[in-house]
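Input: a single structure, listed below in structure tokens.
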Amino acid sequence: MKENDMKEELERCEAEEFTERMVAMYKENGEEKYLSLTDQVHLLIPHKYTNILPDKNVVDQMLAVTRLPQVYTVVGLPDIHLGYAFPIGSVVGAGIVVPEGVGSDINCGVRMVRTRTNCRNVDIAEVARQLFDVIPSGIGADTANATVSEIAEQLNKNVADTSNKEMVFTDLKVINEICNEGIDFLVKYGIVGDERDRIEKGGRFPGDSRMLSQKAKAKGLKQLGSLGAGNHFLELQRVVEVHDNDAGFEIDELVFMIHTGSRGLGFEVCESASQVATSMRSISKSEIGDESHEIRQVKQAMGLYENDETTVSSVNSSQLGSFENLSYFEIHESEDYILEMGCAANFAFCNRAIISKKVENVLKNWNIKCELVYDVGHNSLHKENIDGKELFVHRKGAARALPPNHPELRSNRENGQPIPIGGSMGTSSYLLYAQDTKKSLFSSPHGAGRRISRSKARKLITMEQLKQMMGNTVLMSKSEKGAIEEAPIVYKDIEDVVNAAVELGLVKKVVKLEPLAVIKG
């Protein structure tokens, strides 16, 4: 056996052993649906779904987050996997604000739109080709993107027809107003229709564009209305199962999902905020606190110390970030970041809405009208009341999920908030309704959850193999390497993730969707 094969076999055996230890802990605790690792750390995955249980590095990361001050609750959802600082697929309620707990793609999210049109009456391949031409995607598409200038030109033309001829929209003014007002700005000037009751927070976070760096705005100017790269996508889908007839979907109805966020603008906000927080305090290991006796017992039982001489797994230096470099704001220090983050969130809402408008314009060639189902982010920070305590709820790879009759729901109050959840490229997606989400800090899974790294995917999969995996699904991508990194097999099974969430009572299924065409960067 070759050395690499031996290493992989050893890793596989270690992973199986760790999973067995986890299942044993579930049984010891007398609970099948979730595992409370400590009073603060809760894993919401029924143990029978062994394929989606987290590995030891993810568990270590969940436990390590509690060493930050004023962290009250850490929740791992069924799609949880290793991230930077906080696990992706986790929710953290805290009395501090951690920029990396939201991440660099602020308000990355999913927008789902229905058409009430049978997909068999549409030339899907031709639609995909036209969309690929008009929607910038990939890392290198920024310089060719003139979306902001087009909006400014349209606004100035509209203003010229009114009595307010002194108002002039420059590209910079457009970006500033988008960051300040979010969807409100696009609706006010007729760029998009008013569907704010079907967007998280009505499509507007508190934001102040004066807080943003010129570098952040420059990226926003280039990237508004673009998908980007990585796991971002535009997908044409068809309804294959209807689980809630009252929702009005029909089998084979054409829908589409857009998955993207705040692009480079959000990255600059996170980067800048982390630097500011770091400059305000030099975090030492003594300041963040030693591991509690409870955590030590859990880690010992799960074998997390066996190959590590320290009390912190070696993964933390690359994925969690060494604690000396992990920065945070006290509440009284966080106002500027919250306004900057709001700008990035508003940009992301508008980015998805403008891409959606471009899709609608293409579909008009087939006399198709579009209707927003819901738009929700999954990298966010909200101040919320949790069990009588005001906490900053960090959602990193977790969708906000408000249950039926929640006071913040603007529509669909009787059923619960709609949650579009994308599977891996080439596999099923779902529309869900939020149900009893109090146990998850009013959150749900956001996707399938990565299980194989991008670098490993490139070693394991060829483009020819990817095409076979995609079957009849049309795939259009600017980068073969990027497409391979997103192959279906590198993600957890979306069926396991969704079924686990249903079994936990977090959500109920509305419709199941299958991909017809996928556009990626």
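Cβ coordinates come from backbone N, Cα and C, glycine included.
Values in this document were obtained by computation on a predicted structure and should not be read as measured data.
Sequence-distant neighbours of His446 (active site, GMP-histidine intermediate): residues of the same chain at least 6 apart with a C-beta under 8 Å from its C-beta are Asp79, Gly89, Val110, His378, Gly397, Ala398, Ala399, Ile421. According to TrEMBL, the feature active site, GMP-histidine intermediate maps to His446.
When other Cβ atoms within 10 Å of the Cβ of Asp105 (Mn(2+) 1 binding site) are tallied across all protein chains shown, the result is 26. Mapped onto three states, the DSSP output places Asp105 (Mn(2+) 1 binding site) in coil. Sequence annotations record features per position, and here TrEMBL assigns Mn(2+) 1 binding site to Asp105, His232.
His232 (Mn(2+) 1 binding site) counts 22 other C-beta atoms within 10 Å of its own C-beta, drawing on all protein chains shown. Positions annotated as GMP binding site by TrEMBL: 231-235, 378-379, 422-425, Ser429, 446-449, Lys520.
For His259, His378, the entry in TrEMBL reads Mn(2+) 2 binding site. When secondary structure is read from DSSP and collapsed to three states, His378 (Mn(2+) 2 binding site) falls in the coil class.
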For His446 (active site, GMP-histidine intermediate): DSSP state (helix, strand, coil): coil
His259 (Mn(2+) 2 binding site) to His232 (Mn(2+) 1 binding site) - Cα separation in whole Å: 5
Leu234 (GMP binding site) to Asp105 (Mn(2+) 1 binding site) - Cα separation in whole Å: 17
Candidates His259, His378: member of the binding-site residues with the richest Cβ shell (10 Å): His378
CB contacts for Gly449 (GMP binding site) [other CB atoms within 10 A, all chains]: 25
Ser424 (GMP binding site) in three-state DSSP notation: coil
